[in-house]
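**Student:** Pulled these features from TrEMBL for this protein:
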type     : residues  : note
COILED   : 558-592   : coiled coil
REPEAT   : 191-249   : repeat 'Cys-rich GLG1'
REPEAT   : 316-374   : repeat 'Cys-rich GLG1'
REPEAT   : 379-441   : repeat 'Cys-rich GLG1'
REPEAT   : 574-636   : repeat 'Cys-rich GLG1'
REPEAT   : 703-763   : repeat 'Cys-rich GLG1'
REPEAT   : 819-886   : repeat 'Cys-rich GLG1'
REPEAT   : 949-1009  : repeat 'Cys-rich GLG1'
SIGNAL   : 1-17      : signal peptide
TRANSMEM : 1057-1080 : transmembrane segment
Amino acid sequence: MYKLLVLLLNFSFLSYADDKIKSQNLLEDPACPQLKNLCSNLSNNSENLLVLECIDTFQTSEYDLNIDSQCQHAIYSKKLELMNDKNVHSLLERSCKDIEVLNTYCQPDSKEYSGKYLSCVLDNRDIIKDLICKGQIQRIETVAFSDFRLISKFLTSCSNDIEKSNCGRLTKNSKSTQGDTLSCLQMQISQLSDNCKKEIYHISELQADNIKFDRQTYMACNNDVKKFCSDMRGYEIYKCLMKNKNSQQMSKKCESQLNRRSSLMGQDYRISRGLAKACKEDIKLNHCRKGTSDDKDIRLAQILLCLEAAHKNNSKLLPDCLAEIFDHRKMLMEDYKLSPEIIIDCSEELTRFCTNTEGSQTIHCLMDHAKPRKKKELRVSAQCLRAVENLIKVTDVSEDWRVDPVLRKACKPVVDQVCGNDVEGNSRVMSCLMEKLGTKYMAGPCEAALLQIQYFTARDFKLDAMLYSQCKEDAIKFCHAKKTWADVNDNQMDPERGPIILPCLYRYAYHPDPKMQLTQNCFTEIKRVMRERAVSVDLIPEVEDVCLDDLAEFCFDKTQKGEEMECLQQHLEELTKECKKAVTSYTEEESAHIELNPLIRSACSDALEKYCGNIMAGREDGDVMECLISLKNDVLKQNIKCRAAIEHFQLISLKNYVFTHKFKEACKPYVNRYCPNSSTKYDVIACLSEIMTKDTIKDHKHSLPKDCRMQVRSQLLQQRENIDFDPKLKNTCKKDIETFCYKVDKDFGQVLECLTSNQNKLSTNCKHAVFAIKKSELTDSKTDFALMTTCKGMLKQYCENIDDANVLKCLKLHKDENMFDKKCHMIVVNRLILQNQDYRFNPDLQQACSKDIADYCTRIIVEAKENEEMNGKVINCLKQKFREGKLQTKCEKQMTVILHDQALNYKLNPLLAAVCKSEIDILCRMDDENDEEGQVEECLKRQFIEKKIITKECKVEIATLIQEAKADIHVDPILLKACTVDLLKYCSNVESGNGRQLKCLQIILNDETKSKALEDDCREKLQQRVEMFNNAAAVMPQPESFQDLYETVSNSPARKYFMIVMFTFVGFIFIIGLFFGRVTNKRYTALKNK
């Protein structure tokens, strides 16, 4: 097509006689006889334009060797004559059918030579549709560019700059120095005067049409064009060469010339002919040159930002323009020389840090040194940092990973393997790559390049294409974000950094008011971004910026995924004030939202998807963490890594109660009210737990709401699980644990159970700490880890709808059933034993007997040491008053329950178990089953009747038991079981308590006529009990004071008899006194009279 066009043009020149251009033919000029041989293909009458075209094909060496100075001058004169405005107009008139259209824009000057007309024609050639006319313009342009002095006012505008910049003097006869001079000026563009700079840009723009117009580039890249771009034409050759500039096969000469063109292109986008042409309409429609004249240069970055902003703001761009934008973004990342800001603002850094890098590696080198974690002397300046930020924004790498050649090369294998569905280049690939950080799929070079990009993306929410597209409206609405993606009129292009917009959006993601929450799409993207940022502190600017010193001091060796944040959390108390505040705030958010915890997400990924997936899909607010904790000792028992990650977070949460989201939300107002001085989470829980315990014991209305009480129970339960979760107990009992529990696993509450079983051997402080825990557990069984986990199945089967405070009571009722779990049975009995060791362990007893304890047992309480067990002393005190019938009704009922349980299992009676230990071991050893059927106590009673009990203390305790049975038959379960039928038959109308039902049965037993009506077993057991009562009375301790004597008599069933005897004795003494008084008086009177 091109050759055909040339033939047509030649034909047109041969067909017309040039009346307007009367000049000697250059081939006939005596000064240039050698031209006939050099252009032998031309006829002698060929017009000068064809001859000049032939001359332009000469190599520089060929030109200088064969063309002498006279001929060179003749050639220049012919060019100058031909490029006269009138002659150019005449040439075009002969070839252009639509010359009239061109005339509306361009008119020839009357001066002999101005160059304005040719310059105007070249600027407006796009309006020409006729191919022949276009070809003619191109031919004229080629000739003109063989000598840049022919273009407009270049020589006039740049003569001083040529002298000043040492780019060489212009001569009329040196073709090679002309191109070198222009090239030299282009290399020093920033130092030129405004007028010269304007002309340089204009010439460079015109050169962009055809590589031949830039003679230095054409000569240097001739072979490279054939190698890489043989099928390309016009400006596409430049584009092709730019794409292959970093190829190892590219010649150094060509690469050097392309670098010169790259620098110019960065200064003025119009020098990139492809972009200027493809995006001309879009630039106009989107006002990307707003406020600037047509002849003013606009940087490539500014135009790209404007077009990208329009595209992101849903303006439709032409497909060709989009393709050019993509190509130029790649070019910017491949060659920093296209970015004048980088060259100018990072000149020192490029020399200091990146001398051994090339192409896009240089940009990544600057990125690496932009991180504030680097030492000050290895860090880029603020100006350079801003230049790199702007480059990342212009290239918009996060929108398409392929733009960055370093990232593309390093991550291509990863993308092909695990992100195959997203290979079309959109931003989902970046998200996919971030998700694979820390996994077996991620390669080291890919991770390094990815984090370098993400470092900047994390600091400007607009750089994340997916986030911006979904959250733009919410950011404007809630966070006062700018309405446009980029403000091209702002020279600094200030990025809206993460610490401003992104945390703001995150706050609204979980806003309590549904009307103030983000849209669902934006919410999903926010979760993704926060999940990706959590991988490294580098991506959390609000933490990193204030923790640089702390990271250097404590976490310099932490390099794995999430380790730096974990390290900061572990050293929370040692951090500087601002860093501690930032880490505390982040950890508080992390507790609520699992996406911020990369350790747990990585270690527990399968469990999260399988068991907690439904929760994660919504606005979870801490529910996911609770889900994992609840599964930790069940389905996750064998998942060591997941358990370790969960337990690590539990340990971190001990530092501050706000690190447990659900607990904070439920209890924060009450922490401020009741526990303002509590510093750690442990102290807060202890404080709130004490309030709950007091309310339960005193039967007051709960001071804490149900949600808070549930959270306190949950936290106490977690404390009991692992000794590490209870730092106070761990420190207090450190030596005791090493002595008695060194073989015990620290998980599953085993250390606490070990300490409890060795309580008599513990040190005083440890004993006090264990006492406080036992008191809490027995007051509220929901906090008893061993009970709740061991009896999980039984609770579900028997006590599913039971109130929290009655869990142990419910299990006690069902513990003797055949289907009851043996392990659960054992632990329930153990808890009942503990309850009988101290009244403070039994909230029901405290509540029922508070007044009786105050009336009768105050001395015991006063003498007791705080946080030390009383070994059943208060209960024994209440037993005595129970036998005496002095307890209030509700306390008497509660004591009946206790005594009944003790009768069935002697272990529930700590005093009996202690003083009769040898007798039980020798005389009454039973298997475990009979231990809880009252057989041991029954055996001891038989041995007591048979006088086989030797120890005095044991005798007294057994006698006491027998006397208690006299007070209420329900205290004697074996007798009660034997006589249940008879009680219903004969004593159903008799009120229980104070021995009344037992007396009823005794009356029937003593009546020979009625005794036979009793059941045989009942009659036999009653007779045994009567004998026991008689024997026990003789063994009971004698009164040691008048008060003891009075209480013994007043509490005796025969107290009326004793009262009659006592009053008879007193009356007898009184009568005798009266009698002896009269006799004495008469004798005294007789003596007196005498």
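Note that Cβ sites are derived from N, Cα and C of the backbone, with glycine treated the same way.
Quick one: how deep are these features, and who are their neighbours?
**Tutor:** Proximity of distant same-chain residues to the coiled coil (558-592), defined by a Cβ-Cβ separation under 8 Å and at least 6 residues beyond the stretch ends, is recorded for 437-438, 506, 510, 534-537, 540, 542-543, 546-547, 549-551, 598-599, 602, 620-622, 625, 648-649, 652-653, 655-656, 658-661, 664.
Within the repeat 'Cys-rich GLG1' (379-441), the DSSP-based counts of helix, strand and coil residues read 45 helix, 0 strand, 18 coil.
Averaged across the repeat 'Cys-rich GLG1' (819-886), the predicted model reaches a pLDDT of 85.
Here the repeat 'Cys-rich GLG1' (949-1009) is broken down by DSSP into helix, strand and coil counts: 45 helix, 0 strand, 16 coil.
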**Student:** Taking the repeat 'Cys-rich GLG1' (819-886) as reference, which of 191-249, 316-374, 379-441, 703-763, 949-1009 has the most Cβ pairs under 8 angstroms?
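**Tutor:** Ranking 191-249, 316-374, 379-441, 703-763, 949-1009 by Cβ pairs under 8 Å to the repeat 'Cys-rich GLG1' (819-886) puts 949-1009 first.
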